[in-house]
Each structure stands twice: as C-alpha cells, then as structure tokens.
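What TrEMBL says about this one:
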- ASP420: active site (ACT_SITE)
- ASP833: active site (ACT_SITE)
- SER384, LYS390, GLU391, ASP420, LYS611: UDP-alpha-D-glucose binding site (BINDING)
- LYS612, ASP636: Mn(2+) binding site (BINDING)
- 13-32: compositional bias 'Polar residues' (COMPBIAS)
- 1-50: region 'Disordered' (REGION)
- 184-224: region 'Disordered' (REGION)
- 285-309: transmembrane segment (TRANSMEM)
- 321-340: transmembrane segment (TRANSMEM)
- 903-930: transmembrane segment (TRANSMEM)
- 942-965: transmembrane segment (TRANSMEM)
- 977-995: transmembrane segment (TRANSMEM)
- 1027-1049: transmembrane segment (TRANSMEM)
- 1061-1081: transmembrane segment (TRANSMEM)
- 1093-1113: transmembrane segment (TRANSMEM)
Amino acid sequence: MASSQQQQQQQSTRTNSFRNPAAAPNSTGPQLRSSSGRYRYASRDESEMSDIMSTADFPVSGEFLNPYTVHIPPTPDNQPMNFSGPTAPQQASQQFVSSAIFTGGYNAITRGHIMEKHPEHGQQLLTGPSTCGVRGCDQLAMRDEQGNEIHPCECGFSICKECFIDAVSNGGICPGCKEVYKEEEEEDDERETESKTKALTPTSGASAATTTATAKADPRRLGSRKNTMIVKQSEFDHAQWLFETKGTYGYGNAHWPPNDYNFGPDADPPAFNERSKRPLARKSSIPAAIISPYRFLVLFRMVVLVLFLMWRVTNPNRDAVWLWGMSVACEIWFAFSWLLDQLPKLVPVNRHTDLEALKERFEKPGPNNPKGRSDLPGVDLFVSTADPEKEPPLVTANTILSILAAEYPVEKTACYLSDDGGALLTFEALAEAASFAQTWVPFCRKHVIEPRNPETYFALRGDPTKNKSRPDFVKDRRRVKREYDEFKVRINGLPEAIRRRSDAYNAHEEIKAKRAQIESGRDVTEPLNIPKATWMSDGTHWPGTWTVTSSEHGRGDHAGIIQVMLAPPSSDPILGTPDTSTIIDTTGIDTRLPMLVYVSREKRPGYDHNKKAGAMNALVRASAIMSNGAFILNLDCDHYIYNALAIREAMCFMMDRTGDQICYVQFPQRFEGIDPNDRYANHNSVFFDVNMRALDGIQGPVYVGTGCCFRRTALYGFDPPRVKDRGCCGGGRKKTSKTKSIEDDDVELQLLPKRFGNSAGFAASVPVAEFQGRPLAEQGAKNGRPPGALLAPREPLDATTVAEAIHVISCFYEGKTEWGQRVGWIYGSVTEDVVTGFRMHNRGWRSIYCVTKVDAFHGTAPINLTDRLHQVLRWATGSVEIFFSRNNALFANTRLKFLQRIAYLNVGVYPFTSIFLVVYCFLPALSLFTGEFIVQTLSTTFLVYLFVITLTLCLLAVLEIRWSGITLDEWWRNEQFWLIGGTSAHLVAVLQGLLKVVAGIDISFTLTSKAAGDEQDVYADLYIVKWSALMIPPITIMLTNLIAIAVAVSREIYSEVPRWSQLLGGVFFSFWVLCHLYPFAKGLMGRKGRAPTIVFVWAGLLAIIISLLWVSLRNPSGANNIGGGFQFP
C-alpha cells in the first residue's frame, strides 16, 4: 500500500491536469544530457534511480541511466508559435496537446501526461542561435513556422515555450520588463468575430440541443473553420449544361456518348475551355457486342435449367429412387443459387474520374482565393489494429507513412490509429513512424515517389531513376534508404527495448520497496507485492495493456488513451530551406505533415466492446471532436495507399453534382505476396472485378471492410436527400420525398443526445460535417454549399477538445444510445462491414465502385491453406448470422432496389449451398459403389441437356472475362476454391450459425496473422500445413471418390455382364469433383511432399472405414463379385 502511494506521488510530479495545461513543473533538480545533445532537468525519481543503480548490486546496463525517449518529431506544425494566426496562449495550448498523452475513462479523471520530444534520427532542427533569456534556462527561444524568433512582449525579451507557459500561469508577467503580457489585437473583423464566437466545448452536463442550435446558426463552421457569408445559389441551366458537356444525367456522374455529336459542316462545336464546368466523374456501359449476348445467354440458360429440372422430376430412376431424389434436390438448389448470383450481374458499368477538373474546381487560385487554398472537404483516415504480435508494428507503420504522404491537402487530412489492444509497442512504433515521416514525406513530394509505402518502394525491381528528372535523386534515395533501414532496426528492436526498460524500472521499484521495508522495521521475509508494470520512456506507467497483465492494465481492462503525435498543420505551405542538417534538401518542398493521432478506447470488464465495430465507432466519435472531416476512409493495418491520388479519386464522386446521395465509395482490394498460381484464389478476382462491378450498375457495391471512403452523415444514420420510395419489390411508381434536415427540425435536435450520446461537442459537429460534405452550389447541385466556404484555416487543438474526445471513447458512452444499432458500424455480426453497407442501402443511399488505372490500395492475404479456410469460415459465419437476423434482405424496405435485394439475399444464402454441395460430391462415389446412376439410363436427352448447360456456363464465363478483365485461370481458380470452401468452411459456418441461433452459443474468431513466415522465401507460408478440423470433409470426399473409382473399375472388369455406360457416368462426375479439389490435395502435401503424419493417419482411417462400409452394405452372396462372402463377425 505504501509503495502504491509512493508511485502515485511519483506520477503526479510528471502529470498535469488537462484543465491547466500551462502548469508545468519547475526546472529544478539534477541535469541529464539527452541523446540530442541538450540538457534537461531530471526528476527526483530519475536521480534517485541513478544513485541506487550506482550503489546497488544490480546488473543494469548504462543505457538505463538516461531514460529512453519516444521520438515524437518536432514538426513545424507543433513546435513554433505564429502570432499571425491564433494568439500565443492558443499556440501554447496546442503545443501542450501535441506533447502530452491523454488518458481517462469511467470514474477516472482525464489527465494529460507530458511527453518529451527530441529532434533525433535526422529530423529537421530549428535554426537560430537565440536562447531563452530567463536565468538558468538554456532552451531555444520561440520561433514561428519559418524559423524566425517571436517575442510575446513588446520589450522584445526572448523566451522559450516552457518559460512562457510558466509566466502565463503565474499572472502573465513578462520576465524581462515585468509588465503584464498584452493580448494581440485582431487584424480584421472576421478574426474578431471568430474570437467572440469561439467557445470551449464542455465535457459534460451541457445541453446538446443548445450547442447544436449554435452550430445550426453557423452550419459551415468545422470547429476549426472561420465563419463565412452564405452565397445565394444561382439558377442552373440544365439544358445548357447537357449541351455543353454532351452528357446525360446519372448518379454522381455523367454518361458520355461513345461518339461525338455532329454539328454540321458549317457549325462549330461549342467552346469548352473551362474545365471546372465539366462533371468530375462519368460512367460508361459495357459494349453492346458483349453485354447483349451475355444477357441472352443468361436468359437462355434459365430456360434450359427449367426444362431440365422438369425432365428430371418427371423421369425418376426406379432402380435407385433415393439416389435420384438426392440428386434432383441438389440440382434444384444449385439452379436457385445460380440465379441469385447471376441476376445482379445483368447491368455492369465502368466509371471514370477527372482529377484535373477536381483540381480546377476546388484548388484554382482566384480573386476570392489568391493563395490557392483548397476548398475540398476534410478527410479522416482510420487505421485499425488489435494485436502487435499478429499485426506487426512495422506493417502498420508503413501503412501510416503511405497515408501521411498521400496527395491530398495536408490541412484537410487527419490520420487516426485505433489500437484496440492498447499495446505500448504499437504506441512507440507510431511515434517512430511520425519521426521518420519528417524525412519520408518530403522525399515523396520532391521526387513524386510511387508507391509511398517505403517497404514496397525500396523492394521494387527495376531502374529507380526512371522518369526522375532531379539530379539529386540518387543521393536522396540512398540517404533515405539508409534512414529507413535504421528505422526498421528501431521498430524491430522496440519489443526488447520495452522489456529491458520495464525490467530496470521494476527492479528499481523493488529496491525502493525493499529499502522502505527495512527502514520501517517490518519482516524482511515478507514478500513484496510489486506489480510487473510496463513503463513508458519518460518513467511512468503505461496506461494501457501491460506485458504482465494486472488490474486496470489488461487487454480488456485499461483506460482510454489519446496521443496527438502530429498536431494539425497550418493552412499555408511551409517550404523547406537550404539546411545542411537535414537528410535531404527540401528547398521549395512543402514540409508539413498531416495530423496524426493515436487512439485506444477504454475497456472495462462487464462491458460488451463489440470488437472491431466498437473500435471503429469510437474513432468516429473521437475524430468528430478533433477534426470532423466530412468523409472517412478506413483501412486495415496491412492495407496501404498504393496510389497517392486515391483520396482524390473518391472525392470526384462525392463532390459531383449528385454526389450528396452517395454514402460510400468502395475501392477493390488488391493483394501482394500471393503465389504466382494463386492456388487458393486469394485475389478474389471474380468477386472484385465481376460481382462488385455489376452491383455498381444497380445501387452500388457492398462494403467489404477496408478501402472504403464514407460520408460521415451516412454513418450517422441519416437518410439521403431526395430519397426515392418504391413499390413492393422495387416496382411501382417512384415517389420522391424530401428528407427532413437536422438543421431545420428542432425535434431532431432534441433527439440527438438520445441517438449520439451526451456529448455536446459531438452533437454540434453533426450539422457541420453535413454542410462540408455537400457539392458546390454553382455546379447545379440541389443541396450545394457556396464556393470558398472551406478556405478558412483550422483552429489549433486545445486540451479541452482532447478531453472531450477521451469522454466519447469511454466504455459507458454508448449506453442507451443508437450506436451500433442505427448509427456507425452495426453490431451483432462478425461481418459488420456487410451489415453496415446494407443498412445504408436500405435507407436509400447508393454507393460507388471506383476501379482506378493504378491500384488504389494494396494489402496482404493469407496464402496458407488453414489460414485461408479460417478466413472464409469467418465470412460465411457472418453471412449465416445475417440470414437469421433482421438484416435479412427479405425484410428490407422499398428503398432497396429489387436486384440489390437479390444480391444481399445471396450474401445470406450462399453458405447453405454447402449442404447440397457435400451431398452432391458424394453422389458419384455412391453411384460407383452401388452400380446405379442418378438417371435410369444415359439417354440422349440427358446428355444433350448436360452439354447445353455446361456449354452455356463456359460461354458466360468467357463473356464475363471479356467485360471484367479477369483471366481464365482466375475464373477457374475461383471455381475450384468455391468447392473447397463449400465442402469445408461453409458447412461448418452453417452449423455454427445454427448453434448460435438455437442454443445461443457465440462463436469467437482470432485475427488472421499478417506476419511473414520467411524473409528469404516470400511463399514459405504456402507450404506450411497446419492441421484443422475443417480439412476432414474434403479429405473424406477425395478418398471416397478415389476408392469408389477403384472399386467400380475392378467390379466391371470381373463382372460377367459389365455396364460400362454406368461406370463412365460415375467416373466422369467423380473426376469433376477431384479436379476441383486438386489445389486442396496439393496443399496437404506441403513442400516436396512433406505432409504431416496426421494427414496420412486420417487418410488411411477413412479409407478403411469406407471400404468396410461398402463391403458390409453390399454383402454379396456370390463369389463372382468383389468381396466374396465376407461378413462382419
């Protein structure tokens, strides 16, 4: 108990309450020289620890005498103070936010723990020789973003940031002239109005309706945006636009005719010089020469299937009715399943974007925008991770670096990392990534690097100097490559560094406790109860998950954590200057970095945290408080931005004339590290290039969990503007109804706390996000915003804002709200992505499928057979849960289009095909064992039907390959794994789903490992055989068919009257099954046939059982047949 009190006293010396960010400890005590070369004052615990380590018999290396430093870079955004924008106290508050880690939660005080920052590892150092004028302080004086020294007082006294904060907290008296600091006068009326209307958001107890009403009066204000005047919308000439663009209206795009209009021999085409008037996106239909035969074949095959099934029902096999009945039931279900899969493919489309038009419309300098600031809306990027062991920090760091280097306005970009495991390893890896970004991002901008994931870029083969014009590229690349190698060493060494640091601090605590025990005269043999804590670099306990789990420091029990690694940047570019101390020459290159935030939501026992969906909803709320981007792009930790213009591609759809009806833009998933043959169909080419492209022609693709750009208000559960209600099943007369706006309905404002929770700050952000996401009014949008409304600079973050963000990520915040039910990611399914997208489509929103020329994102996929089966099992289990829930497409309302309803119905139905598929795979073997067949005789009618059905299937595949761009090999691999997954994972998913529905047994899944198996062989994981019970059904099917072929051939050879036609039919279908299972059999063999022993054991056991069952069931009486008179004893 005494040691616990001592620990609290020690931590209180390093902890400041968020309510008084200026209260910093006095600089007294022994000095320690940091690794950056400057002196800093050590705390009492550090000096005491140095004394104890020097005298105690304890084997600790000297590196622990100087505390380990988290490398949070002193970027130009979070160090200097600029008096041209916010006042000095506001800048000081923002610097406090960017240098403190905030913690809090249920029944806990929100606190800000100051973290030290040192410009190490090649970071840009601040220039200027002036130091602080306060006696006894050797820190550098405050400077602005260009490195010029600034003076808070008119006397010109030089002062550092820490001393200025102390002076302000002690009455605001200048240490030089002893006069009170004067507030800087505003330069214009707009800034004066902004300062008057600005108010800190209360953390609790405030009325959300009142705050939202304030935001309602100024809907364009984004917490960080200045107030602007509303411009009256001008009338838009639709006919003139159609004539000028030669287009027709579409959803979020315009459709260009394939041929140009003919204006006659004497007429000139209309002038079209202003690119800003062109639509930002357009769609093109599949050529009629491909899509018309495709639709005809679909209709023709439907008719043939109906006729075939009618013939099969009316022509039973009297000799084997049981075999005939099972086959007919399976064939009817297969026809129904094929129909559900095929109907949504009838209207595929292609889409194209115009990035130049986007730039001209939103970023072109003009009289109202002389500096050429961007009028694009803000985008918040979410990266989610949960376990640093299965999701390596280096992979996550590379994803973060690709985001920070993306080609989107820096001041409009904010990146949030959700660490649902609360691991210190992830936290410090992110700090290292923020440090290395200071070098990597300017390098990418200077030399137009693609891709902007350093691991992928430096691994590219070929000439790196291709298309590079700058003469210093080779030198810069060599230097950055060396820095990246050191960065990897630091990341990979973090686990050991954290362990050694924690061991040293824990040993120090034990020594102190033992000394206190001796001095108090207690029994020295009494064991000490000292927790094995995980320590941060500044000598304080990590508030998240400890390596050795303890109370309030476990994976499911820790405080909420927010750390602003990189503060919001300034609105104007900060160009680099010639500086020999930097890694590369950044002269003329914008050196700003986007806002970067570490978030770990609070977790406590007894609360349902709802896995990934709950973590994403926590990010939605925290980002709404801190940056409130109108759009949200979510990525998995192993999916990085491969195309730096990907965000702009999404904005082309969202900011187009009818873009306000789009809820999200889904990008296809592309994978790296897949074996060249794609043995287990990891690329999912048929799904991403056929099914998803076809859905884009109806109401939009389904949401697949990553690589998706959301409209924030669509996630909030609001209906789209101008929603269309249809009749039953999508038919009937369309009725357009105008959706109620949250800005005009006071009743909605009163309901916001019940829907979103008791955060007044969050409620105020809702109408702001809705306004920012609107297209421009001057382009003909019916619900547009005036141009230039988003040009105002961002306000700096303050401690109160971050404290409010801590409040909204607490474990109790979602209680009695609609989070997870109607708002945000939907709970209750392991495939929360599909359910979330379904809810949006069901409210009348539509989505867009954006296939870019250069892949937008790249990720990794499991190439190991067992991992792949477990991944498919999780997806199929989620589909079964959807089928048995209210999210079943059968219960959708009339806003969901008919073919879209069919597609979602197929999502919930497809796992049940496995029941019929397993039965059908055993039918050839049963036919060979019994000598019977599914039909009475192999008649000409049956063979003709079989031939036509197979031929139409092949022709449809060829046409799908033509309009989708996939290859025949990819199509065949998909067919093979459809049977592999259907006979293993899908079958188990159905059983698990039924257990959950009937018995209430919840199924939990583990994360798919993203770690590489062998750096020397990227495909080493492909040959690793991990035994799983999912392998038993396919193995049984293979052995049964192989044994059946051998038995049938032997029987016909020794038979007096052989029936080769029956044998031929059974062998053909068995061969069809075995061809589909070939990749599975190859995977079981491992590398060079090194299959595990259990595979042979199961194979032999199943072979014996199947053989004995056949002999027992047949029980032949004569000696002419195989088996003689064998009988079981």
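Each residue's number is its place along the chain shown, starting with 1.
Each residue, glycine too, has its Cβ placed from N, Cα and C.
The structure displayed is predicted, hence computed values, not measured ones.
No contact links the transmembrane segment (903-930) to the transmembrane segment (942-965), because fewer than 3 Cβ pairs that are 6 or more residues apart lie under 8 A.
Cα distances from ASP420 (active site) to the binding-site residues GLU391, LYS611, ASP636 are smallest for LYS611. Of all Cα pairs drawn from SER384, LYS390, GLU391, ASP420, LYS611, which the record names as binding UDP-alpha-D-glucose, the longest spans 16 Å. With respect to LYS390 (UDP-alpha-D-glucose binding site), the closest of these recorded positions in Cα terms is ASP636, chosen from LYS612, ASP636, ASP833. Each residue contributes its Cα atom, and for GLU391 (UDP-alpha-D-glucose binding site) and ASP636 (Mn(2+) binding site) those atoms are 10 Å apart. Closest to ASP833 (active site) by Cα-Cα distance, out of the binding-site residues SER384, LYS611, LYS612, ASP636, is LYS612.
Here the C-alpha separation of LYS612 (Mn(2+) binding site) and SER384 (UDP-alpha-D-glucose binding site) works out to 8 Å. Below 8 angstroms of C-beta separation, residues 680-681, 869-870, 872-873, 876-877, 879-881, 883-884, 910-915, 917-918, 921, 1001, 1003, 1029-1031, 1033-1034, 1037, 1073, 1076-1077, 1079-1080 of the same chain, each at least six residues beyond the ends of the transmembrane segment (977-995), sit close to that stretch.
Proximity of SER384 (UDP-alpha-D-glucose binding site) to non-local residues of its own chain (separation of 6 or more, Cβ distance below 8 Å) is seen for LEU417, SER418, ASP420, LYS612, ALA615, MET616, LEU619, ASN634, LEU635, ASP636, CYS637, given in sequence order.
Cβ environment of LYS611 (UDP-alpha-D-glucose binding site): VAL830, GLU832 lie under 8 Å away, each six or more residues apart in the same chain.
Within 10 Å of the C-beta of LYS390 (UDP-alpha-D-glucose binding site) there are 14 other C-beta atoms, taking all protein chains into account. Cβ neighbours within 10 Å of GLU391 (UDP-alpha-D-glucose binding site), excluding its own Cβ and spanning all shown chains: 23.
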